[in-house]
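Feature annotations, reproduced from TrEMBL:
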- B:Ser155: active site, nucleophile (ACT_SITE)
- B:Asp320: active site (ACT_SITE)
- B:His353: active site (ACT_SITE)
- B:Arg225, B:Asp354: substrate binding site (BINDING)
- B:49-359: domain 'AB hydrolase-1' (DOMAIN)
There are 2 protein chains.
Amino acid sequence: MATPITPFPRVKHQREVFADGLMLDCGVHIAPLAVAYRTYGRLNADRSNAILVCHALTGDQYLAETQPLTGKGGWWGNLIGPGKRVDTDRFFVICVNVLGGCMGSTGPAEPRNGVDGDPWGTDFPAITIRDMVRAQKRLVDHFGIARLLAVVGGSMGGMQVLEWAATYPEAVFAAAPIACATHHSAQNIAFHEVGRAAIHNDPDWKGGRYWEDGRVPAQGLAVARMIAHITYLSEAALTRKFGRRLRGAPSLTFLEDVFEVESYLRHQGSSFVRRFDANSYLTITRAMDYFDLAAEYGGELRAAFQGTNTRFLVASFSSDWLFPTAQSRDIVRALNAAAANVSFVEIASDKGHDAFLLEEPDFYAALGGFLVGAAERVGV
Amino acid sequence: MATPITPFPRVKHQREVFADGLMLDCGVHIAPLAVAYRTYGRLNADRSNAILVCHALTGDQYLAETQPLTGKGGWWGNLIGPGKRVDTDRFFVICVNVLGGCMGSTGPAEPRNGVDGDPWGTDFPAITIRDMVRAQKRLVDHFGIARLLAVVGGSMGGMQVLEWAATYPEAVFAAAPIACATHHSAQNIAFHEVGRAAIHNDPDWKGGRYWEDGRVPAQGLAVARMIAHITYLSEAALTRKFGRRLRGAPSLTFLEDVFEVESYLRHQGSSFVRRFDANSYLTITRAMDYFDLAAEYGGELRAAFQGTNTRFLVASFSSDWLFPTAQSRDIVRALNAAAANVSFVEIASDKGHDAFLLEEPDFYAALGGFLVGAAERVGV
């Protein structure tokens with residue numbers, strides 16, 4: 001049963017368009033390349049105070065301001081802003097919608113020619129985390145920033161941080177990969193694959209050409225979001241939030257939502273489809289699945305960081321079972337093996353993977369302190 | 001895109017039909033009540049050697065023989081049989097298809113009148129784990145067995161074991177609830193709900209009346225199975241089985257299965273729909289979600305076991321994250337609080353929840369020893 005919903009509205013996003021395009025890891029050259037972004041604070045005279053923040057799978061560039069589709073505050077609005085832990089009176093913060101995203105950067109939902117007409121749809125080539133980073137580098141170069149004070153991000157954002165540090169070590173003074181890993185595990189791939197199967201199965205997906213009817217595969221995308229959402233929360237967080245509480249009368253039925261956790265998940269699913277493109281979700285989940293930093297360096301993870309001068313803060317959350325602490329320790333071990341400057345913190349939290357998006361005082365203090373320390377070192 | 005497949009064939013199962021039916025927890029009386037079952041070994045003269053084995057969500061009564069739909073061996077065929085750890089030369093083993101199931105017992109796929117005509121479909125009432133146990137009790141009574149030597153089961157089977165011990169303490173000499181819990185957690189409910197949403201979203205589900213067209217909601221049911229299957233395996237088991245291995249050439253694409261774990265999951269999904277009924281899946285997952293033994297006893301778990309003379313073996317598996325060891329410890333604590341005779345073992349295994357179905361020597365030894373000890377105590 002298809003649910004007719006309005007496809008998410010097209011918003012005019014701030015962006016740079018690079019006519020010469022980008023060569024991708026898959027060997028396809030795409031042109032033009034549009035890079036949508038938002039900045040907060042001011043770039044100083046010697047261009048030394050720039051912090052690039054990389055967003056996660058379903059995040060976007062509206063980091064510290066109202067998101068135009070949802071009307072909700074920015075996803076790190078509590079952390080970043082004037083006078084906040086990451087103080088935009090001091091730092092120039094850049095956030096880029098990832099390549100393959102659906103908030104203005106080149107991706108499946110964007111017109112193929114960058115201006116109007118049919119979107120890329122399923123013709124959009126497969127991309128990698130490194131391709132996302134290359135697109136961001138174009139914007140950083142455009143700003144005339146030779147070296148970023150820091151690159152910061154959680155989850156898929158953390159994968160981008162690792163890729164930045166490996167690919168452009170001279171351009172990254174400090175790097176904070178948070179709640180992430182050097183590769184996607186078999187379990188992570190499996191969860192993504194089930195979400196993709198749900199999208200593919202939706203008759204409204206129409207082999208990826210859903211835009212032709214002005215419809216979206218809302219039910220498939222919602223199920224994909226529901227699955228993912230469970231993996232973002234810890235068992236403890238779900239139990240605290242909902243436990244086994246019933247909605248209204250505890251009637252015995254096998255057809256209706258009866259537990260509060262069910263209607264919460266359904267709400268998560270249905271609100272997601274109003275802000276996210278299904279082909280974009282397919283593209284980006286695949287990019288995460290492909291991510292395997294060691295494989296890019298001959299199977300030797302430490303080779304990705306050989307000779308690096310970047311300072312690292314690696315952070316994990318104790319109840320994160322999607323990117324557990326052990327995976328962050330693998331990053332630390334590789335950095336140690338490359339004799340890098342690395343600090344590691346596991347934040348005690350029972351909120352699961354989601355904790356990196358929530359106001360966790362210890363995390364804010366660790367990340368804020370790390371960035372201030374880096375700033376003092378370079379005289380910002 | 002619907003995949004036309006033949007609905008699973010109707011097999012003639014061994015069963016007893018009780019014309020007077022059964023009163024359910026939801027207040028509905030269903031009649032007739034069909035209870036499909038298989039037995040292994042022989043009931044001794046004083047009817048003291050009977051072991052009831054309760055199956056899990058997608059299991060069935062074909063415990064120790066070829067399953068007629070899949071042609072595969074029984075799900076505990078390595079554990080139970082002549083000369084095996086649970087020796088059917090000594091014990092009379094009974095396994096019942098659960099109420100709500102689709103292998104011959106009364107359920108959504110069975111004709112409403114128990115003989116022919118339209119199936120119950122979505123008119124089938126909501127059932128509970130206790131209802132399943134009540135149906136089994138009818139068969140046990142029919143055999144003239146006043147006291148079972150043991151009731152044994154894993155996962156949802158373990159929930160039935162707990163319910164047996166609580167509801168019919170005099171009829172259970174020994175009980176082994178394995179890899180289970182006294183209630184379904186919010187996370188467990190959430191995973192089930194996503195699976196149900198996938199089934200409901202399948203246009204071939206047709207509000208549960210799919211049988212009218214001789215079709216089944218194959219894609220939705222397959223996605224539900226895929227999700228569940230991930231929860232049955234540990235991260236380590238998935239990594240060992242598949243890791244990040246690619247199928248064939250590592251082509252970069254976002255539309256095809258590229259990792260081995262993906263095609264494995266798809267195979268799990270598509271083979272499941274050839275043996276399981278979607279409405280049955282909805283019914284049984286709901287029964288698991290409703291299960292909350294303490295709630296049946298005024299919120300006091302130990303009250304469920306007050307004064308019990310049953311001997312218990314509680315077993316968990318170290319890498320089971322669906323029913324983690326902590327939940328088995330909760331059972332043990334409640335039994336201790338009721339001054340029950342209880343032994344507990346956590347089996348070291350990296351195979352996840354699935355371990356209870358696999359040949360785990362320590363588990364086989366613990367369960368086998370427990371049953372032999374019980375048998376010796378009653379002189380079997």
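Glycine too: its Cβ is placed from the backbone N, Cα and C atoms.
Listed in sequence order, B:Ser155, B:Ala179, B:Thr231, B:Tyr232, B:Leu233, B:Ser234, B:Phe317, B:Asp320, B:Trp321, B:Leu322, B:Phe323 are the same-chain residues at least 6 apart in sequence whose CB falls under 8 Å from the CB of B:His353 (active site). Ranking the recorded positions B:Asp320, B:Asp354 by how many other Cβ atoms lie within 10 angstroms of each Cβ puts B:Asp354 at the bottom. When secondary structure is read from DSSP and collapsed to three states, B:Arg225 (substrate binding site) falls in the helix class. Sequence-distant neighbours of B:Arg225 (substrate binding site): residues of the same chain at least 6 apart with a C-beta under 8 Å from its C-beta are B:Thr58, B:Gly195, B:Gln268, B:Gly269, B:Phe272, B:Val273, B:Phe276. When pLDDT values are averaged over the domain 'AB hydrolase-1' (B:49-359), the model yields 94.
Reduced to three states, the DSSP call for B:His353 (active site) is helix.
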